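Chemist: Pulled from Swiss-Prot, these are the listed features:
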type	residues	note
DOMAIN	116-238	domain 'MPN'
BINDING	His187, His189, Asp200	Zn(2+) binding site
MOTIF	187-200	motif 'JAMM motif'
Amino acid sequence: MPLKDLPLDAQPREKLLARGPAALSDAELLAILLRTGLAGKGVLQLAQELLDDPVRDSATGRSAGGGFGGIAGLLHASSQDLQRIKGLGPAKRAELMAVLELARRALAQQLREREVFDSPQAVQHYLQLHLAGRTHEVFAVLFLDSGNRLIAMEELFRGTLTQTSVYPREVVLRALHHHAAAVVLAHNHPSGSVQPSRADEALTQTLKAALALVDVRVLDHVIVAPGAALSMAEQGLV
């Protein structure tokens, strides 16, 4: 149904202005960005289809169509990923990518201005924006100063859907480069599960021991997936 055929108070833009953004669904917020749909497909339907779960190839686990699995997956999509969606021209793709970058910068600014563990949820959201939509495993590190504020984030290793090789020596060298006092380790699980594996637990302890040799503390190891995040520290695994 075209937006103009909806009652005025049900149209996303008017609803946002009257009741605030929290009153809108993800699809309604996205529809405001998209503005128009396609022939035979209203903008709300297009927005919902973009947010639907992806269809994955059973053999490779890679996306074979469908949506992006929610806001985090959509906003992490590359320009090439967005090009496959009929109706998303260059202007709409640019707007979506700009929104993602603004969200990243806002979260990074928050982390730099206060102690990271004053808001562990902000850390998890920041990592989800960076890692949750990836179709391959990525291992990243947040380097922190003595006040637990963010110095930098680096993606250090990439792997297949099932394995990422992580070299402790490289993590130690990057920590020394940034003069970090502490780190938060992070990686994604493209499978969608955030439960840590035995390999995740072993890697955490290996890196913790290596970084302790240069007086750098491991504060947490966060695992992210589309729509979810898990703190290994909160599970007693760090």
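Residue numbers in this text run from 1 along the chain shown.
Each residue, glycine too, has its Cβ placed from N, Cα and C.
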Chemist: Under 8 Å Cβ to Cβ from Asp200 (Zn(2+) binding site), same chain, six or more residues apart: give me those in sequence order, or none if nothing qualifies.
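Modeler: Asp200 (Zn(2+) binding site) has long-range Cβ partners His187, His221, Ile223, Met232.
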Chemist: Would you report the average pLDDT that the model assigns to the domain 'MPN' (116-238)?
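Modeler: For the domain 'MPN' (116-238), the model's average pLDDT rounds to 89.
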